[in-house]
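The Fe cation binding site annotation in TrEMBL covers H151, H215, H286, H491.
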Amino acid sequence: GQLPTWLQGILLRNGPGMHTIGDSKYNHWFDGLALLHSFTFKNGDVYYRSKYLRSDTYNCNIEANRIVVSEFGTMAYPDPCKNIFAKAFSYLSHTIPEFTDNCLINIMKAGDDFYATGETNFIRKINPQTLETLEKVDYNKYVAVNVATSHPHYDSAGNVLNMGTSIVDKGKTKYLLFKIPPAVPEQEKKKSCFKHLEVVCSIPSRSLLHPSYYHSFGITENYIIFIEQPFRLDIVKMATAYIRGVSWASCLAFNKDDKTWFHFIDRKTKKEVSTKFYTDALVFFHHINAYEEDGHIIFDIIAYTDNSLYDMFYLKNLSKDFAENARLTSIPTCKRFVVPLQHDKDAVLDSNLVTLPSAATAVKEKDGNIYCQPEILCEGIELPRINYDYNGKKYKYVFATEVQWSPVPTKIAKFNTQTKEMLHWGQDDCWPSEPIFVPRPDAKEEDDGVVLTCVVKTDPKDPPFLLVLDAKTFTELGRATVNVEMHMDLHGMFIPQQDMKTETE
């Protein structure tokens, strides 16, 4: 095929790549050592490159020729030949564990730099052109968080906004929203932008020892949206996991009889909206988008009724017939919540406070809380992406992978949230990755651009390829086949040519 001449830049992807080291194996697919790969678009040609993230975790494991650093689903034990005192000490130091820097989930831009990110307090700077691993950054040096999301937001000024959890710090467990500026003052050119990191606000956890797990958060023009779901980490169990010989993943539990609470933080005043909004128990990983309309906040997420998704990816379950046999007990559902922030305070109890035309409702209860029920937009999509120029604004299109009852994506979908129409791209024996939308320069319409996805073939003898689709029509413009073994990955980003420092800089 033919690539549009304006498509110039690098598609960077990240995901777990190595699951066996020496005689030891990880328990879970999400534990594998991070493998970065990139597709560089230059004058109609595509260049491919991949490289393992040379994290401290990677280096320690490779040197020992076995897994010596614990990951979320795999607890590793120190070398048995170390003396007994060192062993006792390492048990004690695991209370709030020294987490891994195997940043295998996403890529983040901060200032002019790019980082591989996971969900711990560590991120690793990388060179997007060579995929070399550069310095390690510990969020904890700048903000008291033990874990952080790998789905930050970027505002129009170039600030990075992210959230992390501060576990039992000074007797409190809280969720912190923090901001990393894009540049440092001229006189401090040698310093990193993290030195100027500021905490925007903190939200106390509803429970000291059971903070909510979250993978992303939402943003509108004036508000930050944080969803506290009843899918929680048990801190006491976590502190003793090492001694008990179980993984940290076993310390996560979903309580289906509990509520899911919505927190809205005013970005100007940095204060939380005092009205309490909630919905039924759900598990979710990905926010799609959010915006404001006539005194309401509208946000779209992909939610599940249980936490079976994580269990699917234990390697013992990933047999060769995985795609056929793995069955989700809960299908991913795209839910739209409509939250009436500015509602009639004297409204009748049990009346629906949503005044926009929507199937979503918000009902005031006698304790003053407002119970929200969503409109179901569609089912069976995951790894959602949007045209990021529409982030926090009213929008139409979601680009996503299509998954039915099996967690392996078989198609790419474009979903219109307003008309509910869906376009697909799919071919037999193809497993596509998260689709990334790249807008055409000077585009006037939301879907004017291309969609990029890496496609792995189910037969290892068939080479994988990068697929380029016209985002409007979902027709194939071209594909670049790569004669290497490519792994299924998680997330990534497209860096336009003009956003890249030249090598000499």
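Using the three backbone atoms N, Cα and C, a Cβ is placed for every residue, glycine included.
Annotated Fe cation site H151, H215, H286, H491; additional same-chain residues within 8 Å of its Cβ mean position, judged by their own Cβ, are I105, N106, T149, S150, S216, F285, H287. H215 (Fe cation binding site) has a Cβ environment of 14 other Cβ atoms inside 10 Å. The Cβ of H151 (Fe cation binding site) has 20 other Cβ atoms within 10 Å, all protein chains considered. Counting every protein chain shown, 21 other Cβ atoms lie within 10 Å of the Cβ of H286 (Fe cation binding site). Every protein chain considered, the tally of other Cβ atoms within 10 Å of the Cβ of H491 (Fe cation binding site) stands at 22.
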